[in-house]
Amino acid sequence: MGDACFSTQLIDGDGVFNVSGLDNFMKEVKLGECGLSYAVVSIMGPQSSGKSTLLNHLFGTNFREMDAFKGRSQTTKGIWLAKAQNIEPCTLVMDLEGTDGRERGEDDTAFEKQSALFALAVSDIVLINMWCHDIGREQAANKPLLKTVFQVMMRLFSPRKTTLLFVIRDKSKTPLENLEPILREDIQKIWDAVPKPHAHKETPLSEFFNVEVVALSSYEEKEELFKEQVSHLRARFQHSIAPGGLAGDRRGVVPASGFSFSSQQFWKIIKENKDLDLPAHKVMVATVRCEEIGNEKVASFTADEEWQQFEEAIQHDYVPGFGKKLSSILDRCLSEYDMEAIYFDEGVRTSKRQQLESKLLQLVNPAYQLLLGHLRTRTLEAFKESFDKALTKEGFAAAAARNCMQTFLEQFDKGSEDAAIQQVKWDPSKVKDKLKRDMEAHVASVRNAKLSELCAKYEAQLTKALAEPVEALLDSASEDTWPAIRKLLQRETKAVVSGLESALSAFELDEASEKDLLAKLENHGRSVVESKAKEEAGRVLIRMKDRFSTLFSRDADSMPRVWTGKEDIKAITKTARSASMKLLATLAAIRLDEDVDNIENTLSLALVDTARPGTTDRSIQSFDPLASSSWERVPEDKTLISPVQCKSLWRQFKAETEYTVTQAIAAQEANKRNNNWLPPPWALAAMAILGFNEFMTLLKNPLYLGVIFVVFLVGKAFWVQLDIATEFQNGFLPALLSLSTKFVPTIMNILKRLADEGQRPAAPERQREMELQPTNRSSYSNVTSAGSSSVTTTENGPEYSSPVAK
């Protein structure tokens with residue numbers, strides 16, 4: 001039985017509270033599980049009045065009892081606590097140190113008052129043990145005790161409804177019905193005499209206490225009767241807190257789990273000699289205990305294995321079913337709190353529950369935000385993948401992009417709903433807005449890239465359509481060049497811009513952006529023309545020389561000219577230079593805006609027509625229209641070749657083409673000389689007059705004619721074989737040198753042919769004539785660019801080139 005009641009000293013004789021002992025006691029009796037279903041019974045009375053004996057018999061405890069054979073002395077020191085045996089509900093029994101003991105003396109009553117006040121503060125039922133023979137006496141031992149009880153009770157602002165059970169010991173033959181009125185009258189007198197606070201001046205005793213009276217026979221003289229009466233009394237403690245029980249109307253009960261803390265605070269306040277405010281104490285106990293329970297639940301939550309697994313998994317990826325599972329964990333944690341804190345003050349309990357919920361949500365919120373981050377990342381990646389696939393198949397379309405965004409935003413909404421926690425309505429709109437911005441940024445980047453590709457495509461198309469035609473038109477360089485270029489630019493730009501405008505409809509651009517892109521494409525067309533014009537302007541000198549060479553060296557049928565002496569080189573030169581000047585005038589400025597200028601007239605006046613008859617005025621001749629850095633009525637940004645540059649280019653052009661003209665003139669003169677084989681007319685007349693006698697001699701002697709005919713034939717053969725006419729076209733001295741080297745081989749060749757002719761039958765006349773044609777002709781070099789003669793070696797010997805330039 002001793003082990004079952006777990007007897008523990010709660011407060012020692014020096015007033016020291018046994019905190020660890022009480023905590024162990026509560027664990028042993030599992031008091032924390034009782035909630036409000038428990039009762040506290042205490043006993044007070046004079047020393048050696050049998051208090052411990054009564055409690056041991058009444059509740060089955062094992063408090064130390066006085067040994068009568070050793071004399072009457074103090075047995076119980078301080079306050080002891082034990083659990084009643086076989087009493088429902090759980091009943092705690094406190095045995096207080098007796099009053100009026102000689103060990104503490106008359107002056108040391110502080111502990112008596114403190115222990116009495118403590119018993120009234122924590123007990124539901126207080127047994128007041130008193131002797132039967134003290135009833136009706138003015139100086140009985142119970143009178144100071146009752147005064148003490150009532151005095152300390154007045155210090156409770158809102159006292160509990162405590163049951164005072166007066167136990168009359170060693171009952172005499174006087175019936176209880178006669179003793180009880182006397183006792184109640186004495187109690188009322190004491191109550192009325194006790195000074196009360198103003199708020200309780202008229203408060204009756206029944207508001208503070210339930211007074212019950214019971215009488216017991218002497219334990220020493222009538223032990224069996226005593227035990228029987230105690231047994232009947234014990235029955236009254238069964239279900240004492242139920243309605244109609246001894247403590248059925250108690251108030252301000254502290255939940256069992258807060259009993260330890262409440263008792264400690266009670267004793268601390270009593271020791272400090274402060275007034276007790278039971279409602280405030282109740283709130284204070286509830287506050288501390290609910291906070292302890294909340295902290296325990298927070299610790300339990302953080303240590304929960306399922307939560308730890310969730311927290312670990314969320315660090316790496318999105319966890320499906322997060323909201324539902326976590327809500328279950330939180331609900332379980334809060335339910336446990338509610339079960340443990342249900343008996344504490346409702347206001348405090350609710351407040352601490354909110355604090356607990358807030359702490360738990362603070363622990364959960366980082367995981368929730370991280371989960372939304374994973375959801376956002378996963379949704380964004382899925383969106384990009386889906387969008388890029390659609391882009392590959394169908395190309396960019398703003399409507400398709402919006403639909404794709406809407407689809408994946410709805411997926412995010414479903415995921416955020418899955419992650420939602422029942423205990424709180426966290427708004428995922430910020431994360432959703434971030435996702436939407438990321439999607440829009442991706443779509444914008446793709447759209448910009450596709451727009452760039454599309455614009456580049458049409459720019460390349462326009463470049464291809466313009467570059468070569470513009471180059472060809474600039475190369476032709478006529479009066480119609482720039483009008484043709486403008487017409488070409490307008491036609492091709494219109495076609496390409498129309499294609500781009502049609503392609504841009506899928507992008508749903510605003511009007512301003514679309515106009516900018518179309519304007520940019522139009523400007524690109526102009527820039528292509530301008531770029532080509534600048535390129536051609538950079539090669540204008542080469543183009544001018546090519547045009548001059550073409551017109552000067554070839555006739556109207558594009559055949560190479562042969563300078564026979566009949567050509568008008570001056571006129572041909574002027575025509576070629578005029579054409580080159582027109583090319584220069586065409587490339588001098590960009591003319592895409594149909595602005596009128598006089599560049600060609602200026603160049604013609606300054607460069608080609610400088611020697612025109614009628615320009616004899618010295619003032620006019622002294623004015624140089626090309627002595628300027630800009631053209632009249634031509635903006636600087638449209639100028640490709642300035643007047644000064646044109647003058648410099650023309651000077652260089654003339655210097656580089658002058659040699660060609662000189663060589664043509666030299667070739668024409670050489671051709672005239674080479675083609676004039678007959679002597680002058682006067683020489684022919686002299687030869688006729690002086691050679692008349694010889695001519696008559698030939699007529700008179702025909703043999704001479706035969707010899708002359710043979711000599712003619714031989715000479716003709718040598719003429720043909722040696723190609724004398726061609727040789728002398730290269731000059732007299734080179735011809736002599738060449739003929740001297742070829743003379744002997746030619747003679748040997750002729751003799752060999754004659755020998756061969758004599759050995760075979762006669763051939764037809766035509767064949768004979770063919771064989772008389774030269775079988776070997778040497779190739780001769782024409783005129784060298786340096787004008788000096790040179791010697792080259794061929795099969796038939798060295799050849800000489802004349803100093804006439806090519």
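Backbone N, Cα and C atoms are what each Cβ position is placed from, and that goes for glycine too.
Automatic prediction, not curation, is the source of TrEMBL annotations.
These features come from TrEMBL:
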- 1-678: topological domain 'Cytoplasmic' (TOPO_DOM)
- 35-250: domain 'GB1/RHD3-type G' (DOMAIN)
- GLY45, PRO46, GLN47, SER48, SER49, GLY50, LYS51, SER52: GTP binding site (BINDING)
- 703-720: transmembrane segment (TRANSMEM)
- 724-806: topological domain 'Cytoplasmic' (TOPO_DOM)
- 758-771: compositional bias 'Basic and acidic residues' (COMPBIAS)
- 758-806: region 'Disordered' (REGION)
- 778-794: compositional bias 'Low complexity' (COMPBIAS)
### Query
Which of GLY45, PRO46, GLY50 has the fewest nearby Cβ atoms, counting only those within 10 Å, among these binding-site residues?
PRO46
#### Entry: For the binding-site residues SER48, SER49, SER52, the one whose C-beta sees the most other C-beta atoms within 10 angstroms
SER49
### Query
Counting all other Cβ atoms within 10 Å across every protein chain shown, which of the binding-site residues GLN47, LYS51 scores highest?
LYS51
### Task
Averaged across the topological domain 'Cytoplasmic' (724-806), what pLDDT does the model get? Just tell me the whole number, please.
55
